[in-house]
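Below: one structure, written as structure tokens.
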Amino acid sequence: MEFHFFGTGSGVPSIERNVSACAVRFLQQRGKQWLFDCGEATQHQILRSSIALGKIERIFITHLHGDHIFGLPGLLGSRSFQGGENPLFLYGPKGIRSFVETALQVSNTHVKYELTIEEFSEPGLLFHEEGFKVETILLDHVMPCYAFKVTEDDRPGELLVDRLKAKGVPPGPLYRKIQQGETVELPTGERLEANAFLGPPKRGRSFVLAGDTRPVKELIPFAKNVNVLIHEATFLDDKKGHAHEYGHSTMADAIQLAKQANVDHLILTHISSRYHDMSDELQKKAQNAFANAVVAHDFYVFHLPLAKG
């Protein structure tokens with residue numbers, strides 16, 4: 001699983017940082033690609049990466065501020081010209097349908113693929129299919145804004161070969177079926193339940209990507225024990241009052257949440273342009289407070305391997 005950051009700034013683009021966008025590539029699932037938020041010039045950033053616009057299957061929007069959605073119309077139109085013939089699903093708060101349909105209609109843009117737009121307003125399960133569960137929770141911003149939690153289904157445990165050999169089952173197709181969780185029948189008529197010949201399930205990976213928000217206690221159980229938490233850190237703590245007034249978090253807020261939720265990795269983004277030329281200082285400050293913290297920059301890629309157990 002790869003996380004590609006195309007925009008790590010806040011509000012408006014700067015020389016160092018574009019506005020919000022992050023793609024996730026699922027390497028073990030035929031390389032499927034999802035996009036979270038789509039600020040202005042996201043498609044241009046994608047051109048400078050290994051992500052293929054035509055292969056993006058789902059887009060998730062945290063909220064309707066311009067720095068998170070102004071790149072959508074152009075990206076949706078360009079997808080048709082970059083091999084994007086397969087269906088595309090777009091998820092976002094109420095209003096995203098009107099924004100997209102109006103922009104495409106006024107600009108006379110016709111997409112050549114099936115575009116499905118799903119609006120949501122209530123937090124909860126968005127879908128559970130293709131080996132992944134996606135859930136949402138409402139945050140605390142100046143407009144409705146959400147976090148997404150993506151949880152990979154658990155994988156079957158290790159095949160207990162010695163136990164199968166003791167049953168007289170030779171290596172072959174039956175091993176593969178059991179590894180896939182299927183019940184098999186031997187030539188003798190005996191049925192073997194897969195669970196009896198598999199070790200403990202291997203926990204699926206998980207991550208939470210939160211949109212703009214003040215600190216919100218409901219995020220603690222929502223992000224509990226996830227592998228990766230992607231959270232805004234618009235300001236440093238000396239601007240805490242200012243941050244909270246405008247619906248944002250500080251670096252210290254995000255780090256406190258990461259500790260309370262016991263996450264493995266924290267990736268900080270949505271950095272104010274006031275901190276230009278301070279990337280090294282920000283990274284040092286974050287890592288001193290949380291060892292597995294990273295202050296993302298544009299084109300930063302984070303790799304999350306398969307869980308071993």
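Heads up, the Cβ atoms here are built off N, Cα and C, so glycines get one too.
Among the candidates ASP212, ASP237, ASP238, the one that Swiss-Prot lists alongside ASP67, HIS68, HIS270 as binding Zn(2+) 2 is ASP212.
Binding site for Zn(2+) 1 per Swiss-Prot: HIS63, HIS65, ASP212, plus HIS141 from the candidate set HIS141, HIS276, HIS297. The two recorded residues HIS68 (Zn(2+) 2 binding site) and HIS141 (Zn(2+) 1 binding site) have their Cα atoms spaced 14 Å from each other. DSSP assigns HIS68 (Zn(2+) 2 binding site) to a helical segment in the three-state reduction. Cβ proximity to the Zn(2+) 1 site centre (mean Cβ of HIS63, HIS65, HIS141, ASP212, cutoff 8 Å) flags the following additional same-chain residues: THR62, LEU64, HIS68, LEU139, VAL142, MET143, CYS145, GLY211, THR213, GLY247.
Cβ proximity to the Zn(2+) 2 site centre (mean Cβ of ASP67, HIS68, ASP212, HIS270, cutoff 8 Å) flags the following additional same-chain residues: SER10, GLY11, VAL19, SER20, ASP37, GLY39, THR62, HIS63, HIS65, GLY211, GLU232.
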